[in-house]
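Below is one structure, written out as structure tokens; comments come after it.
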Amino acid sequence: MKQILYKLFEHQYLGRDEARTILQNIAQGKYNDAQVASLITVFLMRNISVEELCGFRDALLEMRVPVDLSEFAPIDIVGTGGDGKNTFNISTAACFTVAGAGFPVVKHGNYGATSVSGASNVMEQHGVKFTDHTDRLRRSMEKCNIAYLHAPLFNPALKAVAPIRKALAVRTFFNMLGPLVNPVIPTYQLLGVYNLPLLRLYTYTYQESATRFAVVHSLDGYDEISLTDEFKVATCGNEKIYTPESLGFNRCRESELDGGNTPEDAARIFDAVMEGTATEAQKNVVIVNAAFAIRVICPEKPIEECIALARESLESGKARETLKKFVELNG
């Protein structure tokens, strides 16, 4: 590790195979916490390269616990986190909204590392028991149209660095990696990123894959469509900037999207959205993220139709019923 750190301190970049080997060594416990923290710190001080990102991703996917749910052609809706905004669990709520609209979803998530509550925290608040058993995950897809994959069960390297990430409490390159390493390798993905350079990096990375994708970024720094500002959506060969008003939404204030101070607070907000008692801003931000996920699956549909499908799922109670069935089956 000493030689690797010297190389990085001298502003050199890692090759793809080199990055892959480093992540494998982290997962195998070959480096101590101080060495891993030093490595992470390097990537806080400069942008990660495409070769480095792909190498780290290669390692995680090679070491993953594989799960084959390809017959469902599922979508994952996931953000990098690390935007410092402490929003409620928008992407998780959007997942249940999309599932309620009839589209299969495989949500890959984790505990919050830089925020109060990650997707796994919300699931635990509902009594969900995590599993890596393919038959149980397949049954969840068949019965509820959604399955949840708790990242540490499927990616040993993510489990190994979890205490270090929590202690650092700032975004790291593992934030960038999380959305890229869903062990199912879903057919579709809606990915949220916290800055424009990462949007371009993700777009470039996904152009080499078979996954149909869209990458979103709100221009005021959110790693999802926040409706607080204009936002960019990038797909293979296309980028477009939208305003909330152009889609029929009022702009939100940042305070309206706050996730609270505890996992219990975040779970209450999540439940209010699912039950239809949340504020207009909270519901709208879930609807718009769900709509763009539906658009990834059905690119022929106008975005207005996708918004209508997402709204109907949330406001009719289909999303709530999907959550209820999911909790009953997986509790």
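Residue numbers in this text run from 1 along the chain shown.
For all residues, glycine too, the Cβ spot is worked out from N, Cα and C.
Quick look at what Swiss-Prot annotates:
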BINDING   GLY79, ASN110  anthranilate 1 binding site
BINDING   GLY79, 82-83, THR87, 89-92, 107-115, ALA119  5-phospho-alpha-D-ribose 1-diphosphate binding site
BINDING   SER91, GLU224  Mg(2+) 1 binding site
BINDING   ARG165  anthranilate 2 binding site
BINDING   ASP223, GLU224  Mg(2+) 2 binding site
For SER91 (5-phospho-alpha-D-ribose 1-diphosphate binding site): DSSP state (helix, strand, coil): helix
Statement: SER91 (5-phospho-alpha-D-ribose 1-diphosphate binding site) to GLU224 (Mg(2+) 1 binding site), Cα to Cα, whole Å, comes out at 8
Message: If you compare CA-to-CA distances from THR87 (5-phospho-alpha-D-ribose 1-diphosphate binding site) to each of the binding-site residues ASN110, ARG165, GLU224, which comes out shortest?
response: GLU224
- line: Neighbours of ASP223 (Mg(2+) 2 binding site) among binding-site residues GLY79, HIS108, ARG165 (C-alpha cutoff 10 angstroms), in sequence order, are GLY79
Query: Cα-Cα separation of GLU224 (Mg(2+) 1 binding site) and GLY79 (anthranilate 1 binding site), in Å?
result: 6
- line: For the binding-site residues HIS108, ARG165, the largest set of other C-beta atoms within 10 Å encircles the C-beta of HIS108
- prompt: Tell me, by DSSP, whether TYR111 (5-phospho-alpha-D-ribose 1-diphosphate binding site) is helix, strand or coil?
  reply: coil
Cβ-Cβ distance under 8 Å to GLY79 (anthranilate 1 binding site), same chain, at least six residues away: ILE90, SER91, PRO179, LEU191, GLY192, VAL193, TYR194, ASP223, GLU224
Query: DSSP on GLY79 (anthranilate 1 binding site), three-state: which is it?
result: strand
Query: Reported as an integer number of Å, what is the Cα distance between TYR111 (5-phospho-alpha-D-ribose 1-diphosphate binding site) and ARG165 (anthranilate 2 binding site)?
result: 11
Task: Measure from the CA atom of ARG165 (anthranilate 2 binding site) to the CA atom of HIS108 (5-phospho-alpha-D-ribose 1-diphosphate binding site) and give the result in Å, rounded to a whole number.
output: 18
- line: Counting other C-beta atoms within 10 angstroms, the emptiest spot among the binding-site residues THR87, SER91, ASN110 is ASN110
Integer Cα-Cα distance in angstrom, ASN110 (anthranilate 1 binding site) to ARG165 (anthranilate 2 binding site): 12
- request: Translate the DSSP assignment of the residue listed as 'anthranilate 2 binding site' into the three-state scheme.
  value: helix
